[in-house]
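Structure first, then comments.
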Amino acid sequence: MASTSRLDALPRVTCPNHPDAILVEDYRAGDMICPECGLVVGDRVIDVGSEWRTFSNDKATKDPSRVGDSQNPLLSDGDLSTMIGKGTGAASFDEFGNSKYQNRRTMSSSDRAMMNAFKEITTMADRINLPRNIVDRTNNLFKQVYEQKSLKGRANDAIASACLYIACRQEGVPRTFKEICAVSRISKKEIGRCFKLILKALETSVDLITTGDFMSRFCSNLCLPKQVQMAATHIARKAVELDLVPGRSPISVAAAAIYMASQASAEKRTQKEIGDIAGVADVTIRQSYRLIYPRAPDLFPTDFKFDTPVDKLPQL
């Protein structure tokens, strides 16, 4: 017997004996089979993917046409509809040159708004190379907010941007507000407002961000070697443990730690270079750096190879 569980409102069929096994789908028979024990845990399975057919009169010609889009469970009717493609023969047009067969697709205004938002979310995610699971979670968040009508008066693009920010936090791959701003047309201030309103409306939360959440990506974008990244991570963690940076954002602390580590190595980076990657101003980096500089000897890992001694580091 198949057991089902809900993940983000989407059903998942699992084997009762091997719940972690990835089921094998037999499309010909319409069965879902457990590869571990061979149990058929689902039958008469319907393929909800998009369907392609070939309508060419010439069998040697390949012109597959989509005759059905994939099902979208986030829309009210699953977005199951029939689309008529453009004709190519003379019989497809009337005497005025207009297509005889045209789409008469009915879609509610709410579904149309969600479809537009989903497209915008996918576009934003593609621009910063976010995986599909982030897009799916963002779409689910947007649907919940939209149906609750709790953010009436806010632009859908702003809500979508805030949902993307929340989804990244919840999936453990946080992005900064400025990174989301860069791929959307929404200001940081508006995304921040929607972010707080969404958390309140959905009664959900996100994990607190730490300096470690950004360190690897920032250092990679700055083309810094592994030794500098490890040193910057150590510096930031020790600075927090020693309570040297109270009230400072993890992003500014991470940027200051990277600046200190790079200045002590042969791979030096300027405040502007780091600020451009981290999305913080030079003055913000300097303020955090000044807080940790007096304890610099205590912040570096013991095995760090200095190119510039601690006492020669910039004092700013």
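Note that Cβ sites are derived from N, Cα and C of the backbone, with glycine treated the same way.
Values in this document were obtained by computation on a predicted structure and should not be read as measured data.
In sequence order, Gly275 constitute the residues six or more apart from Ala281 (DNA binding site) in its chain with CB-CB distances below 8 Å. A coil conformation is recorded for Ala281 (DNA binding site) in the three-state DSSP classification, outside any helix or strand. Per Swiss-Prot, DNA binding site is recorded for Arg53, Thr61, Lys152, Arg154, Lys189, Lys196, Arg248, Lys272, Ala281, Thr284, Arg286, Arg290.
Summarising the annotation, Swiss-Prot assigns phosphoserine to Ser70 (among others) and lists a large-scale study or a structure entry as the type of evidence.
The annotation phosphoserine is assigned in Swiss-Prot to Ser76 (among others) on the grounds of a large-scale study or a structure entry.
What Swiss-Prot records for Ser92 (among others) is phosphoserine, and it gives a large-scale study or a structure entry as the kind of evidence.
Over the region 'Core promoter DNA-binding' (189-193) the predicted model carries a mean pLDDT of 94. Swiss-Prot lists 189-193 (among others) with the feature region 'Core promoter DNA-binding', giving experimental evidence as the kind of evidence.
Residues or ranges marked as region 'Necessary for TATA box-bound TBP complex formation' in Swiss-Prot (evidence: experimental evidence): 244-316.
Long-range contacts of the region 'Core promoter DNA-binding' (249-252) within its own chain (CB-CB distance under 8 A, at least 6 residues past either end) are made by residues 176, 209-211, 213-214, 236, 278-280, 284-285, 287-288. The region 'Core promoter DNA-binding' annotation in Swiss-Prot covers 249-252 (among others) and rests on experimental evidence.
Here the region 'Core promoter DNA-binding' (283-286) has Cβ contacts under 8 Å with residues 252, 255-256, 259, 271, 274-275, 316 of the same chain, all six or more residues outside its ends. The feature region 'Core promoter DNA-binding' is assigned by Swiss-Prot to 283-286 (among others), with experimental evidence given as support.
Broken down by DSSP into helix, strand and coil, the zinc finger (11-42) contains 0 helix, 13 strand, 19 coil. Positions annotated as zinc finger by Swiss-Prot: 11-42.
Counting every protein chain shown, 18 other Cβ atoms lie within 10 Å of the Cβ of Arg286 (DNA binding site).
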